[in-house]
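First the structure, in the form of structure tokens, and then the observations on it.
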Amino acid sequence: LNVLCNNPHTADCNNDAQVDRYFREGTTCLMSPACTSEGYASQHECQQACFVGGEDHSSEMHSSCLGDPPTSCAEGTDITYYDSDSKTCKVLAASCPSGENTFESEVECQVACGAPIEG
């Protein structure tokens, strides 16, 4: 999921012309006048960037998100996992996997678990 999907568009373009661009609005992409550097040129481009496989999966949670978080261990590495209490993805330093609740990156965790994308 592209972090630009959560960026709001602005009305002030500093004398640049506004054009119709597409922005994520909930579970779809809608057109709105914006600066040329914002949003996406087409609805398809917006959907491909903002939704897994072009579809909204925000209400679905991958089963690995519900597993046990990693545990601390001496020979471990930084592991990203889903924290079901805070409903966010976190990184635990010097940890070892203790189940399926491990992800290659924070973005992968956020997409799989429906956690908010920050940025």
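Even glycines carry a Cβ here, placed using N, Cα and C.
What you see is a predicted model, and the numbers here were worked out from it, not measured in a lab.
For C50, the disulfide partner named by Swiss-Prot among C5, C13, C89, C96 is C5. Reviewing C13, C46, C65, the cysteine that Swiss-Prot connects to C29 via a disulfide bond turns out to be C46. Listed in Swiss-Prot as the disulfide partner of C89, from the options C73, C96, C109, is C109. Across the domain 'BPTI/Kunitz inhibitor 2' (61-116), the DSSP tally of helix, strand and coil residues reads 12 helix, 23 strand, 21 coil. Note: C109 (disulfide bond) has non-local neighbours C65, T80, Y81, Y82, C89, F103, A115, i.e. same-chain residues 6+ apart with C-beta under 8 A of its own C-beta.
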